[in-house]
Amino acid sequence: MQVSRVLAALCGMLLCASGLFAASGDFCDSSLCLNGGTCLTGQDNDIYCLCPEGFTGLVCNETERGPCSPNPCYNDAKCLVTLDTQRGDIFTEYICQCPVGYSGIHCETETNYYNLDGEYMFTTAVPNTAVPTPAPTPDLSNNLASRCSTQLGMEGGAIADSQISASSVYMGFMGLQRWGPELARLYRTGIVNAWTASNYDSKPWIQVNLLRKMRVSGVMTQGASRAGRAEYLKTFKVAYSLDGRKFEFIQDESGGDKEFLGNLDNNSLKVNMFNPTLEAQYIKLYPVSCHRGCTLRFELLGCELHGCSEPLGLKNNTIPDSQMSASSSYKTWNLRAFGWYPHLGRLDNQGKINAWTAQSNSAKEWLQVDLGTQRQVTGIITQGARDFGHIQYVASYKVAHSDDGVQWTVYEEQGSSKVFQGNLDNNSHKKNIFEKPFMARYVRVLPVSWHNRITLRLELLGC
């Protein structure tokens, strides 16, 4: 009797809370709010996050001690709080200052060179104060070696939810919490922030469809915390396939299925590299032993088969500001200090004003990158941004290229200009690979459709 009263009271509170939320606005994508926050839209379609107890900030990303406590960065990286309290995207208000030899949003990736067989060659980064140790320089022009440890898109969103599947899903909290495969993204936050297999699944697996044959060189895994307790994969196997039907397991030295060591807690990162690398379209992870539940967040590492898919320098500022230009630039409140200039249109750029936005919503607008010299361009990654809470992005676009910046060729496939699918939100990465890579010094992105304003952050891929 007492139990039923407690359940009735709990249900009453849930119904009351849901009524309060509904009165405050319509529900929106919960992934926009971190740490289990509830996403609502206001009368002007502005995004609001109702934060759970213990969290605050625009997207429920801060604790009372600030976004750098505990330190979200890896490999002894320093967490720096940004000066702006209001930012142009939904990332937490910090950046990770990576030590030499590491890169990534959280300094999680070791910047090493691997040859096409996945064998370690040498570390690319050398401290300024150190004397460089002679090492063979990879001849990228002949494809003798290639840096093949790029994140393939689980964390950034280039791998869409529809590309991720699993054998089963755990349903928690009276069936209201779905720990689905689309949540198994590295560093995902929130109360429900990972994939967990059903307790009744004796042979669980999670699969990623890369949509094309790629070279896969490794995997990074994380556990998660469910109901306040750590859960993670202690060991797992990896299988791969070209057609999604016939799978082969990675083998160990004795010819048996190789078991990879997983994690030791719910949050630390574990990196396993494959030697040799895999050529596959489908990758499956099979948990072998788990701590409490089989709960996983992960990222795949690799590159295109041709080995020519490295970032060309927008995100890491190798391409200087002077080599980025645009047809026009929007200024918030018509103030130059709040200009969304072309040099801001760099992938994952952060800050209150952190992207390029065109002055007008017109198909005549463009964003241009001067690569400095002629390069082979094989792909592009795009991203939107937010202007004081307003989500803005390019939904579709064309690409043009030139050798002299005067005569332009619009990229074509099957005899007509190709319209690429762009973004669906302000934060996720959208990666498009060119079926016909081209040589060019200048590249332009030509928006075709957009949401709110033409707003863009990007990276070009190639070699």
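Every residue gets a Cβ built from N, Cα and C, even glycine.
From a predicted model like this one, the values you see are computed outputs, not experimental measurements.
Among the features that Swiss-Prot reports, signal peptide is placed at 1-22. Here Swiss-Prot flags 24-61 as domain 'EGF-like 1', drawing on sequence analysis. Per Swiss-Prot, disulfide bond is recorded for Cys28-Cys39, Cys33-Cys49, Cys51-Cys60, Cys68-Cys79, Cys73-Cys96, Cys98-Cys107, Cys148-Cys303, Cys290-Cys294, Cys308-Cys463. What Swiss-Prot records for Asn61, Asn266, Asn316, Asn426 is N-linked glycosylation site, and it gives sequence analysis as the kind of evidence. Residues or ranges marked as domain 'EGF-like 2' in Swiss-Prot (evidence: sequence analysis): 64-108. The feature domain 'F5/8 type C 1' is assigned by Swiss-Prot to 148-303, with sequence analysis given as support. Per Swiss-Prot, the feature domain 'F5/8 type C 2' maps to 308-463; the stated evidence is sequence analysis.
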Inset, instruction - Check Cys39 (disulfide bond) against DSSP and tell me helix, strand or coil, would you? - result: strand
Legend entry - Of the disulfide-bonded residues listed as Cys28, Cys303, Cys463, the one whose CA lies nearest the CA of Cys51 (disulfide bond): Cys28
Inset, instruction - Would you list, in sequence order, the disulfide-bonded residues among Cys39, Cys96, Cys290, Cys308, Cys463 whose CA lies within 10 Å of the CA of Cys33 (disulfide bond)? - result: Cys39
Legend entry - Integer Cα-Cα distance in angstrom, Asn316 (N-linked glycosylation site) to Cys294 (disulfide bond): 36
Inset, instruction - In whole Å, note down how far the CA of Cys463 (disulfide bond) lies from the CA of Cys49 (disulfide bond). - result: 41
Inset, instruction - Measure from the Cα of Cys148 (disulfide bond) to the Cα of every one of the disulfide-bonded residues Cys39, Cys68, Cys73, Cys96, Cys308, then give the nearest. - result: Cys308
Inset, instruction - Would you mind checking how many other C-beta atoms are within 10 angstroms of the C-beta on Cys73 (disulfide bond)? - result: 23
Legend entry - Secondary-structure category, per DSSP, in which Cys96 (disulfide bond) falls: strand
Inset, instruction - Pick out which of the glycosylation sites Asn266, Asn316, Asn426 has the most other Cβ atoms within 10 Å of its own Cβ. - result: Asn426
Inset, instruction - Calculate the distance in Å between the alpha carbons (Cα) of Cys79 (disulfide bond) and Cys39 (disulfide bond), and round it to a whole number. - result: 27
